[in-house]
């Protein structure tokens, strides 16, 4: 029985939540393995919108288990809020449906304060952090001074660890010119309370998943952000603080590499990016504004307008390589309807030379100018179409050209926001 990893193949916001939601029908367990509540999944089911930032998108399916792995940085405030919201809508009737790793690191109040203060101090050099404490939490994890969920469940241990960490956090904030309220007793009291709320969901996730596999369960690993934001393989330093690529799926939940059978990359039919960093195919004209307006390109987490551009085949081919993609699900194909022509970036012009592969040096990428291939557009609306043969010939030609340029088959197409507005050409769980 195959286990499937879903990753963003661009700069995040590709529509992973919708595809994971769709594929959850064929899985028994959905696993989040990295990132935190800086990601936002917007799901529309029967016209009803749900936005989740931390809990896996599969939670909307009754009877499915959802797991938050050790690689996730965990904000218990957000978790409790999402649990309460789901329960108010009868979407989490059984607490055993949700499992959280005891070893996931916890986002503490000082992490958020440091994140915001650092970004403000950078001025024009801002990287576009969401200010939710993700980076500082990963930093503490690597420096071996972080707090984990298991620490919230022991009041004495929590008090000791807060007492150890808080002075250095206050000192850094003071250097940054920030003076947030960080009361030790209040933090210990609040996070003890949050620990009591989280305790019923906390478990040894590695062992839990191992037993699930032994019992023949199918796993769906849900990535956050996108390949181009990976801390090692993205446009460093304009990246997130975790590994977003498929190789991290098993590391972030305590399994071995043989647990993965299929890797599905999610890509929009065009491209978007939030925050700073190189983006060769960016459109800063009325075409870019048109894509933003039609596509509703505003962050689910921050509400910030996204930068928009044509599809970048070099970046997508790079994502296929570093993730080992078996297939691509292309989202928002419907947004391109009505454009007289559609373009694909097929090269970069840098210092008078044309490159046909994405350079590993982000400073070269910063100077790159996209070289485009132009294809005829289509006027037909796609939202009500449900099969490949129903698509306009020019839309099919566009998809086929992307396949040729990237070297990976397109196995799914999204033609609208609702779960039902999807054309699945190949089911990864049956590939």
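Glycine is no exception: its Cβ is also placed from the backbone N, Cα and C atoms.
Take the IMP site that Swiss-Prot assigns to 13, 14, 15, 16, 38, 39, 40, 41, 144, 225, 240, 304: the candidate from 24, 50, 130 listed for it is 130. Taken residue by residue with DSSP, residue 42 (GTP binding site) is part of a strand. Across the structure, residue 130 (IMP binding site) and residue 18 (GTP binding site) are spaced 22 Å apart at their Cα atoms. Binding-site extent for IMP: residues 13, 14, 15, 16, 38, 39, 40, 41, 130, 144, 225, 240, 304, maximum pairwise Cα distance 34 Å (rounded to the nearest whole number). Nearest to residue 225 (IMP binding site) in space, judged by Cα atoms and limited to the recorded positions 13, 42, 302, 306, 415, is 13.
When Cα-Cα distances from residue 415 (GTP binding site) are compared across the recorded positions 41, 305, 306, the shortest belongs to 41. Residue 41 (active site, proton donor) sits 10 Å from residue 12 (GTP binding site), taking the C-alpha atoms as the reference points. When the binding-site residues 12, 15, 40, 303, 305 are compared by the number of other C-beta atoms lying within 10 angstroms of their own C-beta, 303 comes out lowest.
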